[in-house]
Every structure is written in C-alpha cells, then in structure tokens.
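Undergrad: The structure under discussion is supplied below as structure tokens; questions concerning it will follow.
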C-alpha cells in the first residue's frame, strides 16, 4: 500500500524527490572510503559502474579493488579489481595455494576458479609472484614441455619467450619425465626447475583483473 505525502512526512519517511540525493550521498561516501584504502565491492557494483559484463564468472561474487599509482601529473588513475583474497599486479590477479596436487590437477583447480596456472612474462612479474610464496613449498607454473612441438609452452597459449626465464643453474635437464615447471626456493632466491608432472606441488593461479579508469575531474 502506498503512503500519501502527508503520511510520509508524519512518519519521517523520505520524500521521493529526496531519494536521488540520498543515493548520491551514499555513493560519494562509498567512493571516498575506497579512495582512502583498498575497496571491497560486489560484482554487481562493478556491473553498474562499468555498464558492461565483467570477465569474472559468478564464482567470484566479491572483489577487492585497488587504485594503481597514477603517473606524475595525472589527475586520475586506474582501478584494478580482483576476487577477494587474490592479489593484483599490472591488471592481473594472482592466488597461491600450498596444498599439493599434480600439475594437471592444479590446472583443473585453477580452471574451476576461472583462471589458469600462472604465466610469468617479465622479471617484475617474477618478483611480484614470489612475494606471495612460502619458502617451505614449491609451486607449479603454467609451463610445460610439449614433445610434439618440441618446445616449452604456457598453458594459456601465451607465447613463450626463451629470453625471459629464471631457471635454476643447470636446468632444465631435458629429462624424459620432467615436462612441467615449478618455482623452488634455492640458495636464497626463487628459480624455475623442471619436474615430473605427476609430482604433487603447490600452485599459483592467475586471471585477468577487471579494470576501469577513475578521473575526479569528470
């Protein structure tokens, strides 16, 4: 049953014309809090913000958004949003797990979270990823040796660059059974080592983050 205007006033209800202003105040307060610190939002807030569907599946219903460091002189910046508990770096999201699985089980687990085993394409990315890891564990990468093609390949089909590698000294050994790659902590640094794919290791999953630009002057 709809309330008449007089009833709304007597009951302290909001006049319909005030509702947009209240929504605006709530939105401004929300965004101000986000600008001060990392912001946790829902998938649906970002659908409204961007006006389009995100890359995330319904598996990830809550996201953490961070504002990337703006360029000197810039008036705005870029928000990168990742599922809660994932870490953002250069528009991608990363999640490390220590429980042991085989390489194929690890990739299936990542796929179930709309991601893949991690690809590493730069030294900066290698440095970031290794900050997430526990030195007591080793972690599968999304890199494996395809005997038919006779070369290393990333699981997400990212081109493999032989000039951007971080092999342990003496690796890879090109053993018949060591067709998968793990990150291992050896002599005070994280390095790549080829391992049998049926060994059980931890894993690192990676997926593209959701990004949108923010400009306070607009």
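Using the three backbone atoms N, Cα and C, a Cβ is placed for every residue, glycine included.
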Undergrad: Out of 25-47, 48-70, let me know the one Swiss-Prot marks transmembrane segment.
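TA: Going through 25-47, 48-70 one by one, Swiss-Prot gives transmembrane segment for 25-47.
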Undergrad: Out of 146, 149, 171, which one does Swiss-Prot list together with 193, 194 for Ca(2+)?
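TA: The candidate from 146, 149, 171 that Swiss-Prot ties to Ca(2+) along with 193, 194 is 171.
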Undergrad: Measure from the CA atom of residue 93 (disulfide bond) to the CA atom of residue 110 (disulfide bond) and give the result in Å, rounded to a whole number.
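TA: It is 12 Å, counting Cα to Cα.
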Undergrad: Need this for a regression test: recorded positions 100, 109, 197, 205, filtered to those with Cα within 10 Å of residue 93 (disulfide bond). What's left?
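TA: Those near residue 93 (disulfide bond) - Cα within 10 Å - are 205, in sequence order.
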Undergrad: So, three-state DSSP: helix, strand or coil for residue 180 (disulfide bond)?
TA: strand
Undergrad: Rounded to a whole angstrom, what is the C-alpha distance between residue 100 (N-linked glycosylation site) and residue 205 (disulfide bond)?
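TA: Per the Cα atoms, residue 100 (N-linked glycosylation site) and residue 205 (disulfide bond) stand 14 Å apart.
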Undergrad: Please name which of the disulfide-bonded residues listed here, 82, 180, 197, 205, is nearest in space to residue 109 (N-linked glycosylation site), Cα against Cα.
TA: 205
Undergrad: For residue 197 (disulfide bond), list the number of other Cβ atoms lying within 10 Å of its Cβ atom.
TA: 20
